[in-house]
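Feature annotations, reproduced from Swiss-Prot:
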type	residues	note
BINDING	D30, C114, S155, T203, H236, R245, N268, S298	(3S)-3-hydroxy-3-methylglutaryl-CoA binding site
ACT_SITE	E82	active site, proton donor/acceptor
ACT_SITE	C114	active site, acyl-thioester intermediate
ACT_SITE	H236	active site, proton donor/acceptor
BINDING	R241	CoA binding site
Amino acid sequence: MSKVGIVSWGAYIPKYRIRTEEVARIWGDDPLRIVDVYLVDEKSVESLDEDAVTIAVEAARRALKRAGINPKRIGAVYVGTESKPYAVKPISSILVDALGLSNNVFAVDMEFACKAGSEGLVAAIGLVESGRIEYGMTVGTDTSQGEPGEHLEYSASSGGASLIVGRDGVVAELEAVYSYVSDTPDFWRREGSPYPMHGEGFTGEPAYFRHIIGAARGLMERYGYKPSDFAYVVFHQPNGRFPVRAASMLNIPMEKVKPGIVVTHIGNTYNASALMGFAKVLDIAKPGDKILLVPFGSGAGSNAFVFTVTELITERQKSGVPTVEDMLRDKIYIDYAQYLKMRKMIKLFE
């Protein structure tokens with residue numbers, strides 16, 4: 001029986017961008033210092049008619065188009081997000097109708113901060129491996145928010161990425177998966193609060209690095225992998241510095257990490273962050289390449305996956321679906337006033 005793996009991928013990045021220097025200008029920060037601290041030059045901003053739902057729909061449509069399969073063959077759809085437009089109403093059920101999926105489908109919105117989308121990947125893999133479904137889909141989508149004037153505003157951005165899992169037409173076979181989770185209060189948002197809070201010193205060592213390194217190193221030790229085995233390594237990207245440092249801690253050369261870095265150009269897309277980097281790598285990967293994917297979610301936890309690219313990757317890369325690199329280049333810059341308007345941050349009270 002053929003291995004389970006990635007059958008297709010799709011991504012969507014809103015074309016609007018705001019430069020770090022524009023945000024810094026408004027708040028009186030030194031733009032050169034801010035860029036140096038976060039290694040984020042600009043970030044993506046959703047338009048007035050976009051939200052986590054529309055972004056998810058577009059990313060998923062592109063994954064379906066690239067796969068060339070009948071949407072009715074999708075047996076499960078999972079959505080990971082921190083930006084639900086509704087407090088009570090799933091995005092996954094909207095995708096069922098928007099994408100033309102069968103009504104006999106498992107549909108769930110997942111929650112685990114920025115790794116909820118990768119939890120959907122784990123769930124889809126499990127259902128396909130069990131034989132319960134033929135294909136499964138996961139989508140990571142967010143229009144992440146940072147409080148005006150707070151440093152999270154420099155990186156919190158918008159985007160979506162989707163993966164389709166199956167046994168037939170696999171472009172990247174799953175070889176291994178590993179998880180590392182603990183109760184770590186690094187980042188949270190209480191009910192009714194418009195913006196999240198973060199635990200300052202908890203966001204680095206106790207949260208991101210402990211769990212990213214724990215998952216990646218744990219996987220390598222359990223399954224006997226070495227850094228030299230991987231052609232590409234993709235980490236969650238809250239800023240430009242963290243994935244670089246994680247690579248250094250694992251003795252992974254930068255040339256294996258750099259191709260999957262997107263945060264410098266679009267900021268932190270939360271649930272789409274690692275999956276977007278993975279999509280960017282799949283756009284250029286060659287048969288035989290091994291890819292290590294390590295998403296992270298605050299609260300906190302990481303999943304680590306190893307995939308091996310198959311001969312079918314070349315065919316999927318010629319599908320005509322926009323690549324991540326295409327979307328990184330397709331952009332329109334806006335100023336801070338337009339940014340506030342598009343993000344619906346201007347509130348009118350009667």
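Placement of Cβ uses the backbone N, Cα and C atoms for every residue, glycine included.
The two recorded residues N268 ((3S)-3-hydroxy-3-methylglutaryl-CoA binding site) and R241 (CoA binding site) have their Cα atoms spaced 12 Å from each other. E82 (active site, proton donor/acceptor) is 15 Å away from S155 ((3S)-3-hydroxy-3-methylglutaryl-CoA binding site) when you measure Cα to Cα. Across the structure, H236 ((3S)-3-hydroxy-3-methylglutaryl-CoA binding site) and E82 (active site, proton donor/acceptor) place their CA atoms 15 angstrom apart. Contacts of R245 ((3S)-3-hydroxy-3-methylglutaryl-CoA binding site) defined by a Cβ separation under 8 A and a same-chain sequence distance of 6+ are given as F209, in order along the sequence. Calculated from their C-alpha atoms, the gap between D30 ((3S)-3-hydroxy-3-methylglutaryl-CoA binding site) and the residue listed as 'CoA binding site' amounts to 18 Å.
There are 30 other CB atoms within 10 A of the CB of H236 ((3S)-3-hydroxy-3-methylglutaryl-CoA binding site), with all protein chains counted. R245 ((3S)-3-hydroxy-3-methylglutaryl-CoA binding site) carries a helical DSSP state (H, G or I).
C114 ((3S)-3-hydroxy-3-methylglutaryl-CoA binding site) and E82 (active site, proton donor/acceptor) are 7 Å apart (CA-CA, integer value).
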